[in-house]
Amino acid sequence: MSAQAQMRAMLDQLMGTSRDGDTTRQRIKFSDDRVCKSHLLNCCPHDILCGTRMDLGECLKVHDLALRADYEIASKKQDFFFELDAMDHLQSFISDCDRRTDIAKKRLADTQEEISAEVAAKAERVHELNEEIGKLLAKAEQLGAEGNVEESQTVMDEVEKTRIQKREAEEIYRNSMPASSFQQQKLRVCEVCSAYLGLHDNDRRLADHFGGKLHLGFIEIREKLDVLKRLVAEKKERRNQDRLKRREERDREERDKLKKRSRSRERRKRQSRSSSRDRKRKTRSRSRETHHRPKSHSGSRSRSRSHHRSRDRSRDRSSKAKSSRDKERSSKDRVSRDHSRDRERKHKRNNESTNGKPESRSSEELEAGEI
């Protein structure tokens, strides 16, 4: 990469896609499905293993340092939960690597002769010492490159001690089995990167393996996978807690609504009961007023009205009695007059029969006087 390209990549990584107003680069956002989420989190295996023996080539999704800068800026304000996509990506890659390791182990087990458990333990001890030497050499080289000469020399002293232990372990292992079997037991598989390691590899080759980009790249991928798993678990737990809180709040609101509804129902019931009681009281008071006629303005009116009605009734009865008495008197007078007339007529007839006309005149005069 040229110096100009490196400078451009640094500016993209620092400022993002909007640093120079390039509209063509702004057409795609970091949240687009075409963008590699593992690249945004700086853990894509295509980037980590680039240039190694297991170079995976170019990633099928978009890799852009400017989009990574945009994501880092936006993730400070909002959680996009891209860790789940990156975790799935790395998990599938590590699962493939572990599968290859198992296949390689099975192939070695098929091609090598079976040996006793004691001999296998001795061979395993040699392999462990080999790996320890390689790791110590890689550490010493790194410390020397950083300028820590004293620490690097201390590590080299540990390397020498481990080499002595390795030679002793090889001698014990070689004497415990025949030569043919010893030659067949010279390979093993690295648990980290699934590469083959020889039992008789020299220190330089072991240092190149354990300090190489391939082995360190697999270590980085596995470590980042563990970090992503922890982050995803924490975020899921946080989301579950938030969901539970929201559910509890909804349940509390529903309970409050139900309480309010029940209170309103009880209030309406109490109001209806009170209104019915009031109606009953009113009806009772009216019935008592009609029966007992309490002293009140309306009662006095009704009493006066009833008094007037009773007086009118008594007047009507008295007038009727008077009229009936008058009728009886008039009828009695009429009867008495009729009787007197009859007597007078009889007396007149008697007088006419005995005395003649003068008597009749006097009776007529009497009748006229009575009339």
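Glycine residues also receive a Cβ, built from the backbone N, Cα and C atoms like all the rest.
Ranges compared are 77-111, 112-146, 182-216, and TrEMBL records coiled coil for 112-146.
If one looks beyond the compositional bias 'Basic and acidic residues' (238-257) by at least 6 residues along the same chain, no residue has a Cβ coming under 8 Å of a Cβ in the stretch. Looking at the coiled coil (112-146) alone, the prediction's average pLDDT is 80. The helix, strand and coil residue counts that DSSP assigns across the compositional bias 'Basic and acidic residues' (238-257) are 20 helix, 0 strand, 0 coil.
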